[in-house]
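Asker: Mind having a look at this structure? Questions to follow.
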Amino acid sequence: MSSVFVVNAGSSSLKYQLVELGSGAALASGIVERIGEARSSARHVAGDVRTDAELHVGDHEQAFRWVLAAFGEHGPSLEDAGLVAVGHRVVQGGARFDGAVVVDDGIEAQIHDLAPLAPLHNPANLLGIRAARVAFPALPHVAVFDTAFHRTLPRAAWRYAIDRSVADEHRVRKYGFHGTSHQFVSRRVAELLERPLEDTRTIVLHLGNGASACAVDGGRSVETSMGMTPLAGLVMGTRSGDVDPGVLTHLHRVAGLGVDELDQLLNKRSGLLGLTGSGDMRDVQIAAAAGVDHAVEALEVLAHRLRSTIGAYLAVLGGAHAIAFTAGVGENVAQVRAAALDGLDELGIRLDPERNASGPSERRISTDDSRVQVWIVPTQEELEIATQAAAVVGV
Ligand SMILES: Nc1ncnc2c1ncn2[C@@H]1O[C@H](COP(=O)(O)OP(=O)(O)O)[C@@H](O)[C@H]1O
Ligand SMILES: CC(=O)OP(=O)(O)O
Ligand SMILES: [Mg+2]
């Protein structure tokens with residue numbers, strides 16, 4: 001048996017999964033949350049056995065010590081897991097990384113150098129890498145970048161129409177994110193359609209807390225909705241997605257909002273949260289069903305943005321073979337899928353209401369005569385990270 005330990009480190013959390021390579025199964029998973037706060041919490045899941053803990057975890061290194069102890073106490077045995085690598089999600093790989101790489105001190109320095117482009121993510125990812133290298137000193141550590149899949153974007157898509165010298169000096173361009181998920185899902189779609197990947201055009205809608213769309217042509221990302229940062233594009237849990245950039249200067253001038261307040265506003269107090277008071281789609285659905293108009297409106301805004309994006313990507317691709325929904329909202333919320341695709345018969349997109357409402361987690365939800373097939377494909381970012389990490393170390 002061989003396996004990869006997958007790490008997704010946030011600023012105050014550490015998510016992990018032990019992935020068996022042959023079967024793709026998650027042998028164990030867990031999360032340490034509120035790292036650095038007075039009361040942290042942790043969960044370790046091994047098979048059917050779930051262990052919860054309330055404790056104080058001061059930093060990511062302590063978090064790893066808890067994780068190793070949890071494996072020691074509750075299993076499975078890491079010694080017997082045939083670990084070949086630790087795979088790390090790194091959000092921002094800039095224009096530098098077009099694939100996964102083995103981490104050494106030089107790579108760490110480059111991830112650090114990219115931190116200004118992803119101040120909420122890369123510093124946290126780096127904390128996770130450093131702590132994991134202490135916890136697993138004998139294993140190769142592999143960085144898998146959210147941005148790497150989008151390195152194939154043509155310049156027409158990644159170049160912003162602002163002063164070239166300013167943009168180039170400050171590395172301002174579209175990078176795109178969620179690449180691991182878009183890559184995994186688009187490859188899976190080609191399998192499901194029984195088409196060669198090279199000849200498959202897919203629109204992937206990754207709708208989680210963060211949300212992004214991707215137009216994939218022949219396995220290559222050709223357009224995506226997030227930008228230089230994971231703030232652009234679709235309406236998200238707490239992030240605004242696209243707004244007129246003039247809104248920022250306006251709010252600075254008329255409301256005196258400073259740069260940190262604007263950052264907070266758009267990243268943490270917008271999206272579903274800003275429109276309804278909750279960033280959790282389940283709350284918004286309940287409120288909308290009860291007739292709360294702000295919640296109804298929020299779903300309208302979210303669906304309108306999705307439809308506009310789908311329409312644009314159909315044009316970018318010159319027509320698509322498939323549209324795939326994935327991540328928490330994409331996989332679970334029939335109402336959002338239906339609203340996003342409503343009335344698109346003329347474009348060859350016909351949803352089957354029953355298939356959309358229920359069925360196995362991976363399923364086709366379009367009618368048999370829909371020219372564009374519509375699918376739900378559960379994303380497996382950890383498996384994709386594990387697979388890429390194993391490939392990089394030659395397993
Ligand atoms: N069964 C469900 N019904 C409605 N919404 C759900 C369901 N499961 C998850 N979600 C929503 O999915 C979002 C989180 O998606 P997820 O992919 O887990 O996010 P993350 O980006 O944090 O990985 C939340 O808005 C959550 O409410
Ligand atoms: C980059 C990004 O948006 O990630 P997440 O969806 O995990 O917040
Ligand atoms: Mg997720």
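Here the Cβ of each residue, glycine as well, is placed from N, Cα and C on the backbone.
Where the annotation comes from TrEMBL, it is an automatic prediction and has not been curated.
What you see is a predicted model, and the numbers here were worked out from it, not measured in a lab.
Got these off TrEMBL a minute ago, pasting:
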BINDING   Asn8, Glu381  Mg(2+) binding site
BINDING   Lys15, His206, Leu207, Gly208, Asn209, Gly210, Asp280, Met281, Arg282, Gly328, Val329, Gly330, Glu331, Asn332  ATP binding site
BINDING   Arg89  substrate binding site
SITE      His178  site 'Transition state stabilizer'
SITE      Arg239  site 'Transition state stabilizer'
Asker: Specify the count of other C-beta atoms within 10 Å of the C-beta of Arg282 (ATP binding site).
Answerer: 12
Asker: State which of the following binding-site residues has the fewest other Cβ atoms within 10 Å around its Cβ: Glu331, Glu381.
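Answerer: Across Glu331, Glu381, these binding-site residues, the one with fewest Cβ atoms within 10 Å is Glu331.
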Asker: How many other Cβ atoms sit within 10 Å of the Cβ of Asn209 (ATP binding site)?
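Answerer: Total other Cβ atoms inside 10 Å, all chains included: 16.
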Asker: How big is the Cα-to-Cα gap, in Å, between Arg282 (ATP binding site) and Asn8 (Mg(2+) binding site)?
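Answerer: Given the Cα positions, Arg282 (ATP binding site) is 24 Å from Asn8 (Mg(2+) binding site).
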Asker: Measuring CA to CA, name the entry from the recorded positions Asn8, Asn209, Arg239, Glu381 that ends up nearest the residue listed as 'substrate binding site'.
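Answerer: The smallest Cα gap between the residue listed as 'substrate binding site' and any of the recorded positions is with Asn8.
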Asker: In angstrom units, rounded to an integer, how far apart are the Cα atoms of Val329 (ATP binding site) and Asn8 (Mg(2+) binding site)?
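Answerer: Roughly 20 Å, rounded to the nearest whole number.
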Asker: How far apart, in Å, are the two Cα atoms that lie farthest from each other among Lys15, His206, Leu207, Gly208, Asn209, Gly210, Asp280, Met281, Arg282, Gly328, Val329, Gly330, Glu331, Asn332, the residues recorded as binding ATP?
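Answerer: That value is 22 Å for the farthest Cα pair.
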Asker: Which whole-number value in Å describes the distance between the Cα atoms of Arg239 (site 'Transition state stabilizer') and Glu381 (Mg(2+) binding site)?
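Answerer: Checking the Cα atoms of Arg239 (site 'Transition state stabilizer') and Glu381 (Mg(2+) binding site) gives a distance of 21 Å.
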Asker: In which DSSP state, out of helix, strand and coil, do we find Lys15 (ATP binding site)?
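Answerer: Lys15 (ATP binding site) sits in a strand per DSSP.
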Asker: Out of Asn8, His178, Glu381, the recorded positions in the record, which is closest to Lys15 (ATP binding site) when you go by Cα distance?
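Answerer: So, spelling it out, the nearest of the recorded positions is Asn8.
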Asker: Report, in whole Å, the straight Cα-to-Cα distance of Glu381 (Mg(2+) binding site) from Glu331 (ATP binding site).
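Answerer: For Glu331 (ATP binding site) versus Glu381 (Mg(2+) binding site), the Cα atoms are 14 Å apart.
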Asker: Compare the Cα of Asn8 (Mg(2+) binding site) against each of the binding-site residues Leu207, Asn209, Asp280 and report the nearest.
Answerer: Asn209
Asker: Out of Asn8, Lys15, His178, Asn209, Glu381, which recorded positions have CB atoms lying under 6 Å from ligand 1?
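Answerer: The ones that qualify, in sequence order, are Asn209.
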Asker: Using only C-alpha positions, which one of Asn209, Asp280, Glu381 is spatially nearest His178 (site 'Transition state stabilizer')? These are the binding-site residues in the record.
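Answerer: Nearest in space to His178 (site 'Transition state stabilizer'), counting only the binding-site residues, is Glu381.
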